[in-house]
Amino acid sequence: MLFSKSLLLSVLASLSFAAPVEKREKTLTLDFDVKRISSKAKNVTVASSPGFRRNLRAASDAGVTISLENEYSFYLTTIEIGTPGQKLQVDVDTGSSDLWVPGQGTSSLYGTYDHTKSTSYKKDRSGFSISYGDGSSARGDWAQETVSIGGASITGLEFGDATSQDVGQGLLGIGLKGNEASAQSSNSFTYDNLPLKLKDQGLIDKAAYSLYLNSEDATSGSILFGGSDSSKYSGSLATLDLVNIDDEGDSTSGAVAFFVELEGIEAGSSSITKTTYPALLDSGTTLIYAPSSIASSIGREYGTYSYSYGGYVTSCDATGPDFKFSFNGKTITVPFSNLLFQNSEGDSECLVGVLSSGSNYYILGDAFLRSAYVYYDIDNSQVGIAQAKY
């Protein structure tokens, strides 16, 4: 039997409309600018304050005090806060969990916020306080506001309205609830921070996000809330369960930070360690921090100890093997050049960027994370990890 052309087209059209439509996940892309600053970081205590932005539960007197001028990176994204929106830039950090902004009466090169000019501001309570590993801090009030980020608007987002701060810019912490500054205060409480609010308000389907720092010389990177982007990594994502410890190495009833198990490190074909330790994946830390014996082993192999640095140094032109970090069968390769940090511009001597954590865990900062694509799955208390692709 012959079909007319019009009848055939009608049948095909009906079939196409009847075909199932694949549901696309709701995601939100947040771009950030990479800022590199060479500035004197005075009195940095190596063992007790790894990194430049690590949230501290309590200060420690242990460690070597050094004066280090170090080019470090931080990741600025633009937000609007309040009604009408006040635009400012904040530093994105996976190692802490709170949004806070420089408030009325403070100053910052990257913008400040004045709650008296907002009709959506709601003060919750006083007592906002957060401190970091470099000795900097911010204090003020807890409040709720409307915040626009990446083209999306979130209402009633809890944040710190800082009335005093010496950090330089506000911070957008996107870590776990248990690491919120409010959970560590005398009047302890927790709240739904940005990733959870994005899901609660239907802006993304999953409380999860992917971090892509881009290459060492790149000027921008991105976070994809709610999903992952397979074009930015090689192979598949290895799934890692989070380890239930806090940043002092103490066991907890649930995950409070993005600790995973690092099973070993190789340099070229040589094994550095096959002992498994927890490792914190922290974009707010610049270097890599390792258990003391491992950090010393790497330092001695590739540098000479310098008391003025408080660490091992080598020529900035030095070459070495790729470092391979093993996680549940997945290997992340980090070029040796990513581990060298110049003291100041023009110096011929570089710090080998693997220092002692003073604890039985690693902190894997930007020196590692630039080589990795990391999917932070808050809903399932897991992390996915793969080799980043540039």
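Using N, Cα and C of the backbone, Cβ positions are placed for all residues, glycine too.
According to Swiss-Prot, the protein has these features:
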- 1-18: signal peptide (SIGNAL)
- 75-386: domain 'Peptidase A1' (DOMAIN)
- D93: active site (ACT_SITE)
- D282: active site (ACT_SITE)
D93, D282: which of these active-site residues has the highest Cβ count within 10 Å of its own Cβ?
D282
Give the mean pLDDT for the domain 'Peptidase A1' (75-386) on the 0 to 100 scale.
93
Pairwise CA distance, D282 (active site) versus D93 (active site), rounded so that it is a whole Å:
7
